[in-house]
Structure formats: structure tokens, C-alpha cells
Amino acid sequence: MKKRLNIGLVGLGCVGSTVAKILQENQEIIKDRAGVEIKIKKAVVRDVKKHKGYAFEISDDLESVIEDKGIDIVVELMGGVEAPYLLAKKTLAKQKAFVTANKAMLAYHRYELEQIAKNTPIGFEASVCGGIPIIKALKDGLSANHILSFKGILNGTSNYILSQMFKNQASFKDALKDAQHLGYAELNPEFDIKGIDAAHKLLILASLAYGIDAKLEEILIEGIEKIEPDDMEFAKEFGYSIKLLGIAKKHQDCIELRVHPSMIKNECMLSKVDGVMNAISVIGDKVGETLYYGAGAGGEPTASAVISDIIEIARKKSSLMLGFETPQKLPLKPKEEIQCAYYARLLVSDEKGVFSQISAILAQNDISLNNVLQKEIPQSNKAKILFSTHTTNEKSMLNALKELENLQSVLDTPKMIRLEN
């Protein structure tokens, strides 16, 4: 049995450098838990001159970690999609274990990698929610269960912005600037605020929970950029919080996947998750509801998850990458058949008969109102009507909103948020 495992590390940014730091600082406990010594033999970076003072070789030759026979595990922390995918394919072709934190690459290529890998281990715990061990929970801890549903706060940036808007009455623009100033949001935050990052993670979790190969373009994805303080005020008034959720539900003949802002009751555990923290609620048919909470990003939480994969590979505890012997064939639920309650915000002319017009259109689409709030806009002839509905379907609600937008008394495109009970 080998007494030492050698790592080829691709990328020495925030996460990569923290992996190196933890492997050095915690080397004794890692050795005790892995059963072997784990050392970085070589790291590959774009600019060798910027990375000095390490006890291992620094190279700018990506092929060298693949071809080096002394390297047992390649750890990819470079970012991007196609270049990491090519690295993964070449690594697995050499029957070397591969560890990645790359959610975007896995969202597009997870099934191809599983087919290439065969019995060669692939670790990707760090790809979803950083320090939360949700991958292992779905693959191992909950493997005796049918996963009935899961929903979660999968993106820390959007959760921080929504928390600031809810607690401090900040505008979306100001909350985003604050997140960027603190380093929680990128200068180009599009993937975070538009729900794409959360959707990447949802697809990976859905593969583990249901064995399906869903594509990004097949699922409903909406971001948080259209949410305004008025929406937060309505939520507070009626006992809700607003969170960007990734949601999965198993129906008898299909799987429902969606990412969007959701109003959730304050009694719901996820409503208490604030700031940059992540959390996922999973319901199994035997275990019931379980909740997983923790830091979803950052150098140390993500590096911790990367090293947990390395230790698991060192223990030779390999298993099917996505947890299913054969791909499952359940289709995705069509977007227009989604059923939930809804909230909408309308800017209208402040005149008689407007609300009766709105009520009539909702009734014609078999939509019944639950709560209503009307706000006059001072020194204008305009008002805002905010309302929530009882459960209906997506097709009916979208049709009603389209008809409402065509009313002369409705002055702007209606805004909508789904309620997740």
C-alpha cells in the first residue's frame, strides 16, 4: 500500500492556495484520517513568477500534471468550462483520480465525465455550497430514501443582497454595491443575481437525487434583479421572507426543477438563513426533512470540501460518481404546469374601477386572491397594487399577467414572485 499520495494542483488562487495551506497546517490529522500522507507535488499556474515561496514545484505546463507518473490525484481549481473539461478527460484517461470545485463544468459535462471515469474516482463535493457536505449526504447518507423534494439557498451573493433589502430596507442597487465592496459579489455579478450559479448547482444535485441529465435551458430560471423594496414590504406585512431558491420536486411521472425568487413563510427554516450563508432542506420518504447549513463559498469552506474528497479517495472509498448504476428516465415537468401561489406588483392609474378590472381578469383565469395591499404614490395619479393568490398554475398566472399588462390602467409590466409553502 502506498504511504503517500501526490497531488497535482491546477490553480493557486483563493481556493487553491488555501488547499495548500490546510494540507500543510493540518497534515497530521489529515494523515490520520486518510491513512496515508497527502502532499502537493506540483501546482500549475498561468504566471509562475507570481507564485513563489511554496515547498512544491510551480509550473505553467498544464500537461505536466497529467503526464507525471508520480501524481496520483489531479485537483482542478482553474475555473471555466471547456478547458477544465478537457483536463478532466485527459486525467481520467490516465486513470488518475480527479477532484474539482467547478460547478459550471459539471452542470454541462457531468454525465460525459461519469461515462469516461468508469471506476476512476471523481470528487466534486466543493462544487455545490462550499463547506456543506450535501453531495455526500445525497450519495451516501440518504441513499436508502426516495428524495421527494429539496429546496435551498444555493448562492450566497444573492442571499446577502436579499437579506440587506429585507432587514435594512436597502434598494437592490445599493445592496449589490455593498456586496461588491465586501467582496461577496464579482464586478460582473450576472451569474449570481440572474440565478445561473444556483441553477448549475441545482442540476448537479438533481442528478444525485434523481439520476436525471437535465440541461440548463430546460429549467425555469429567474434572478433577483427585479425585486424592489415594495416587494419586501408586502412580504413583511404578511409574514414572508424573500429568498432565491433552487427547488426540485419528484412527481409520479416527472421531475420539477426551477430557480427563482420565492416568498417563504417566516416559520420555514430557510427563512432564517441570512447573509452569505447557504442552506438546503431535503425531504426523504423514510427520513423526513433534513437541513444542511453552512458557508457556501470562500477559501476555507471550499478548500475543506476539496480536501474531504482527496481523503475519501485516499481511503479508496470510490463509488458511482452520480450515485446511479443506470441513468433514470423521468422527464422534466413542463414549466407551464408548475403549481404554486403567486405574488404580483402592479403600477396602475389611481382611478375608480381599476381594481375591479384586475379582479375580473384574475377570475377569468381561475385565480383567486389571498392578500391585497394598495399604496398610493404621493403627488401623482398613480398607485401600486400588491397581491398574492391561492395556488394556481404557471400558465394561468402568466396569461393573467399578460392580459393585465394590456389594460390601459396598468402603467408598467407586472412583476411576479412565486410563493413556496
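Using the three backbone atoms N, Cα and C, a Cβ is placed for every residue, glycine included.
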Same NADPH site per Swiss-Prot - residue from G298, G353 joining V15, R46, K103:
G298
Using DSSP, tally how many residues of the domain 'ACT' (343-418) sit in helix, strand and coil.
23 helix, 30 strand, 23 coil
Through the lens of DSSP with three states only, how would you label V44 (NAD(+) binding site)?
strand
Counting only residues 6+ away in sequence within the same chain, which have a CB under 8 Å from the CB of I132 (Na(+) binding site)?
N278, A279, I280, Y292, Y293, G294, A295, G296
Under 8 Å Cβ to Cβ from D197 (L-homoserine binding site), same chain, six or more residues apart: give me those in sequence order, or none if nothing qualifies.
K103, L154, N155, T157, F191
For the C-alpha pair, I'd like the distance in angstrom between V44 (NAD(+) binding site) and V128 (Na(+) binding site), rounded off.
24
